[in-house]
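Sequence annotations record features per position, and here TrEMBL assigns transmembrane segment to A:65-84, A:133-156, A:177-198, A:249-270, A:282-301, A:372-396, A:416-438, A:485-507, A:528-551.
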Amino acid sequence: MTTAGFISIAVTLLLILLLARPAGHYLARAFDYERTGLDRIFLPAEKLICRLGGIRGDNQTWKQYAFTLVLSNSVMIVITYLIFRFQSFLPLNPGNIGNMEPTLALNTAISFMTNTNLQHYSGESGLSYLSQMVAIVFLMFTAPASALSVIMAFIRGLAGKPLGNFFVDLIRSITRALLPIAFIAALAFVCLGVPQTLEPAAVVTTLEGAEQQIARGPVASFLSIKELGNNGGGFFGVNSAHPLENPNALSNLIQILLMMLITTATPFAYGKMVGSPKQGRVLFVSMMMLFLLMLGVSISAEQAGNPLLNSLGIEDSQGSMEGKEVRFGLAQSSLYSVVTTASETGAVNTMHDTLTPIGGMVTIANMMLNTVFGGIGAGFLNVLMYAMIAVFLSGLMVGRTPEFLGKKIEGKEMKLIAATLLVHPVLILVPSAIALALQPDSISNPGFHGLTQVLYEYTSSAANNGSGFEGLGDNTPFWNLSTGIVMYIGRYFAMVALLAVAASLAAKNAVPVSAGTFRTDNRLFAGVFIGVVLIVGALTFFPALVMGPIAEHLTLKP
Amino acid sequence: MRTIWITVRTSLVLMLLCTLLYHLTVTGIAQAVLPYEADGSILYNEDNEPIGSALVGQTFTEPQYFHSRVSSIEYDAAGSGSPNYAPSNEELITRTKEAAEAWKQANPGSPLNQLPIDLVTNSGSGLDPHISPEGALVQIPRISERTGIAAAELEKLVAEHTAGRELGIFGEPRVNVLMLNLELQQLLNK
């Protein structure tokens, strides 16, 4: 890679770093219900929405909180399902797009409600403007808002405070974080060339005299919440590889910053809310190290390129360019692929199916670990779970009851955590095995890569990422329903179980810190944490990765 | 039951706020302030007929034009997509070999080892408006022979249409093929 490529990545990471702490403190203030100067603007709006919605805003127990989360999200799935099913009878459909097929509509509704944004349809031809603008974008706001609410409730539990009220948190997430930032970013995207129109596709006559249709629409407002909310579903079929959805390297930079903003801010918000900034900083640094490891592997693999093509005698210094766009080149494509899978966004500016085997493996590994920052809320929830596992394992090694933030972690918590830990690989590996046995025809690329395609689909679903190895023929009832189930369980199981853990910890008396306490705010803990993430992740998924990307890599010989 | 009722009511309120109000405000501002960008950067000729988008690539097959990258959808921007070939896919190797072979036939003046990889690979979107500057320069011998325009003049044209990295840092240097060919067409018309 060129020096300019390295510098562009370094500057991007620096910007992420600079934004994370202030954004985290802003979140902490907003969700600790502290009074801030911005209350004057936000409070009246929030009160109005609460009144219109009939929300009282009492503190909830963890059971009420979890129940409200799952029920309200399920109702939203039903509402949007109905819109997709009947879009042809509804207004704002200049392209005369038909109703969605039932399993596809269900898959799409679950996919967007669970912040996954797996897309088995193509935006240009599958959805009316109403479906895109109202149904999809509604979920693009409420899904990350739901997850942000849960993580904030979880942190309050750890801090020994009441969990709060789900609906109040949901609305705060939207009014104080998602909506204002999305609005500003949308305007910035328009300045950089992203369309924002209600006109149907433009029809032009090309220089060579052919007719070309150019699909467009309200892309900018869609794009900004897609990235900020770690949603990732593209307005166009090819997502942010489309020149109208990502016209240049600056729009690309803003997208990367938006994807990382809230998820990198959360550890800082956590540190502030539990009254010990170091606790958050250690986790941030640990995740950043995992991130850099992934990025390094990805870049070196993509730069080496595809030996089968390079051996044809062409000029290959650009690296692997199949499925990549010239305006981003190697550095920004590689970076984007790592950012989008680390933050579980799922937007792509390069086709992941065409990445070199090892570059592709990095993207899957990010989703398998699901702790390299992770998506809004859900990611940090996982990180805290791994932190407790790290504490527990350390406790076992020295023979002392493990403590986390002064609360003893005992059998009840560990059972819930262990179950959550196991659900993720089960959701990935079992359906992959079934699909390989029953649906071999959906695989578009032969050989070891075919296995990776299937593995990727379920990993992406379980981790609520939503990107795909898009060659897979996945718009069939089998794939729609199976990935729908995986996304639903992948989303809510962990949230409910971990809310129970938080409530159980909150009810315990704090143990005073002594010389024998295993500290969770220093370098030793960072090392143990990274070790646990890598060992637990590698042990679970290594065999699958060997049979997929690693085998493909080893067979790429000219 | 109460939760369901609250969810339905809140959903309706949020749909108004986060979707209709949000989109329409952004659309209103965008259309008022930046109508060209907001409509998709559509280009018009002297007769005010739309001839393309400055951001979306087009197919060029005639030898006197600069050619774009490979596109399995032939730059049909009603959709978007690529064949998603894995690095190990035979079809990828075959397609690239054929493209390299066709290149040799059409460009006897430019050896294969100068052919940059972006010209024989499919972009992610199938609509990539750009090629690398090297990818434009390497086509000059063919175009110069076809059109009779001196190579030096074409090189100047390519240099004028080479956009650098954004802010000097981000992305890669590139040439917008449609813009370059529009200019080339003007030269040809003279």
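A Cβ is built for glycine as well, from the same backbone N, Cα and C atoms used for every other residue.
Beyond the transmembrane segment (A:372-396), the same-chain residues lying 6 or more positions past its ends with a Cβ under 8 Å from any Cβ of the stretch are 115, 144, 146-152, 154, 158, 229-230, 260, 262-264, 266-267, 270, 283, 287, 290-291, 294, 341-345, 366, 402-404, 409, 413-414, 417, 420-421, 463-465, 491, 494-495, 498, 501, 518, 520, 525, 528-529, 531-533, 536.
Through the fold, the transmembrane segment (A:177-198) approaches residues 27, 30, 92, 94, 129, 141, 144-145, 148, 216-221, 223-225, 227-229, 244-248, 250-251, 254, 258, 261-262 of its own chain, all at least 6 residues removed from its boundaries and within a Cβ separation under 8 Å. Below 8 A, the CB atoms of the transmembrane segment (A:485-507) and the transmembrane segment (A:249-270) form no more than two pairs separated by six or more positions in the chain, fewer than 3 in all. Within its own chain, the transmembrane segment (A:65-84) is flanked in space by residues 90, 99-100, 104-106, 108-110, 112-114, 127, 130-131, 134-136, 138-139, 142-143, 146, 149-150, 153, 163-167, 170, 492, 495-496, 499-500, which lie at least six positions past its ends and keep a Cβ under 8 Å from the stretch.
Beyond its flanks by at least six residues, the transmembrane segment (A:249-270) meets 8, 12, 15-17, 19-21, 23-28, 31, 144, 148, 151-152, 155, 177, 181, 185, 188-189, 192-194, 223-224, 227-228, 230, 240, 277, 279-281, 283-284, 287, 327-328, 332, 335-336, 339-340, 343, 345, 347, 349, 373-377, 379-380, 383-384 of its own chain at Cβ-Cβ distances under 8 Å.
The list of residues near the transmembrane segment (A:528-551) in space but at least 6 beyond its ends in sequence, with Cβ under 8 angstroms from a Cβ of it, reads 282-283, 286, 289-290, 357-358, 360-361, 364-365, 368-369, 371, 386-387, 389-390, 393-394, 421, 425, 428-429, 432, 448-449, 451-452, 455.
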